[in-house]
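Engineer: Checked Swiss-Prot, it gives:
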ACT_SITE  Lys175  active site, proton acceptor
ACT_SITE  His294  active site, proton acceptor
BINDING   Asn123, Thr173, Lys177, Arg295, His327, Ser379  substrate binding site
BINDING   Lys201, Asp203, Glu204  Mg(2+) binding site
MOD_RES   Pro3  N-acetylproline
MOD_RES   Lys14  N6,N6,N6-trimethyllysine
MOD_RES   Lys201  N6-carboxylysine
SITE      Lys334  site 'Transition state stabilizer'
Amino acid sequence: MSPQTETKASVGFKAGVKEYKLTYYTPEYQTKDTDILAAFRVTPQPGVPPEEAGAAVAAESSTGTWTTVWTDGLTSLDRYKGRCYRIERVVGEKDQYIAYVAYPLDLFEEGSVTNMFTSIVGNVFGFKALRALRLEDLRIPPAYVKTFQGPPHGIQVERDKLNKYGRPLLGCTIKPKLGLSAKNYGRAVYECLRGGLDFTKDDENVNSQPFMRWRDRFLFCAEALYKAQAETGEIKGHYLNATAGTCEEMIKRAVFARELGVPIVMHDYLTGGFTANTSLAHYCRDNGLLLHIHRAMHAVIDRQKNHGIHFRVLAKALRMSGGDHIHSGTVVGKLEGERDITLGFVDLLRDDFVEQDRSRGIYFTQDWVSLPGVLPVASGGIHVWHMPALTEIFGDDSVLQFGGGTLGHPWGNAPGAVANRVALEACVKARNEGRDLAQEGNEIIREACKWSPELAAACEVWKEIVFNFAAVDVLDK
């Protein structure tokens, strides 16, 4: 017998496998203000008790492994282990439970969303004892929040930079998303901006392809927005997508955007990755650039109700990693988004303090302390008839983004932009006068059509376009 084995034997080490719940299920545990708290939707395999499943999640996402190891004796498990401290049965669902897990803050590197997710949603999601696992929510303690820079600038600073107050901002994604030359792309940008939009946008998959290299696109878009600014007297922006195959190339593109003097760049934060996103957010803070975030790939992760990560968690992670805008769904458009759930994570993006509210899917009270807020972006299948609902749902601190709803106007891009701006101004005016946008929305739009032929034409084109599909991800009953 080796000296090491003799030493461990003397303190009671016993090799073998024991149930996770004996170590990691601790219903008596009182959570600390510094703990990261997680709510998991757990679907155990047949025959696996919920307590064992919840404890397995806590173990495999913190200090545990499948067998007892002698090196456990070289550290303090009580200090570092995750703890499943509560389990609730999901009403109306067979064999589904919400397992609450507390993680000590010392498990995580400061200022790193990458490290946080590597632990909490790493290998545990492939664990055989679970049929499915979904991370529903996280509580990020103020002590950890303060290690992040967060959004480069935030809502108020953006409004001050743009000199735009008292209404939602208007945007448009240039279509077709792929295939235009840089010059034709810039022309479309110019027409939309001179028509009254605040922003135009690269689509998420516009990077640097053979038909339009990034440097050419940046130059023509900068020319377009400066020309539109000179004609309208308003500050304009175009989301120049800096996403690239390497972090070095991404930063190079952001540097060129700064040299052109444009106000905003863009990043695909899930496909690009949190490390790249945080790096770009830090560059934008240091160099006065706003940062628009697209959530391409999110539905692969968040759409299924029993497995993956809920978007409210991805939204919190983005606020920590850094971004001034993020796409959030529309409630009324073509993309998934149930109203109460959407409004729940919109508040988590914008507000400083959000109370627990299970009716909106918010499992934990979240205090963001001094972290700036993020503007939610409503985009996807929306048009002028949706304007009253969007204004009522999202309020002033939002970006309403009409791609096809601008470029599909029968008279062209600029009239499409005019129609959207007129519809927005009419809705804001009506709201400020005390009218009910939810009840009187269609009437408000029809009244505005009388003095805007561009809006009237848009209303005629899209009068019968609806997307009546039930949401897949809905609140538990």
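Cβ atoms are placed via backbone N, Cα and C, with glycine included.
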Engineer: Cβ within 8 angstroms of the Cβ centroid of Lys201, Asp203, Glu204: which residues besides those meet this for the Mg(2+) site?
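Structural biologist: My list of surrounding residues reads Thr173, Ile174, Lys177, Asp202, Asn205, Val206, Tyr239, Asn241, Met266, His294.
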Engineer: Looking at the recorded positions Lys201, His294, His327, which one has the fewest other Cβ atoms within 10 Å of its own Cβ?
Structural biologist: His327
Engineer: Starting from Arg295 (substrate binding site), work out which of the recorded positions listed here (Lys175, Lys201, Asp203, Glu204) have their Cα within 10 Å, and give them in sequence order.
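Structural biologist: Among Lys175, Lys201, Asp203, Glu204, the ones whose Cα sits within 10 Å of that of Arg295 (substrate binding site) are Glu204.
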Engineer: Listing them in sequence order, which of the recorded positions Asn123, Lys175, Lys177, His294, His327, Ser379 have their Cα within 10 Å of that of Glu204 (Mg(2+) binding site)?
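Structural biologist: Checking each Cα against Glu204 (Mg(2+) binding site), the hits are Lys177, His294.
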Engineer: What same-chain residues, at least 6 away in sequence, bring their CB to under 8 Å of the CB of Asp203 (Mg(2+) binding site)?
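Structural biologist: Long-range Cβ contacts: Thr173, Ile174, Lys175, Lys177, Leu178, Asn241.
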Engineer: Taking 10 A as the limit, how many CB atoms besides its own sit near the CB of Asn123 (substrate binding site)?
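Structural biologist: Within a 10 Å radius of the Cβ of Asn123 (substrate binding site) lie 11 other Cβ atoms.
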Engineer: Secondary structure at Asn123 (substrate binding site) (DSSP, helix/strand/coil)?
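Structural biologist: Reduced to three states, the DSSP call for Asn123 (substrate binding site) is helix.
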Engineer: Count the Cβ atoms, other than its own, that fall within 10 Å of the Cβ of Thr173 (substrate binding site), considering every protein chain shown.
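Structural biologist: I count 24 other Cβ atoms within 10 Å of it.
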Engineer: Roughly how wide, in whole Å, is the group Asn123, Thr173, Lys177, Arg295, His327, Ser379 that binds substrate, by largest Cα to Cα distance?
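Structural biologist: Value for the max Cα separation, rounded to a whole number: 37 Å.
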Engineer: Rounded to a whole angstrom, what is the C-alpha distance between Ser379 (substrate binding site) and His294 (active site, proton acceptor)?
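Structural biologist: With distance taken Cα to Cα, His294 (active site, proton acceptor) is 10 Å from Ser379 (substrate binding site).
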Engineer: Using a 10 Å radius around its CB, how many other CB atoms surround Lys177 (substrate binding site)?
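Structural biologist: A count of 14.
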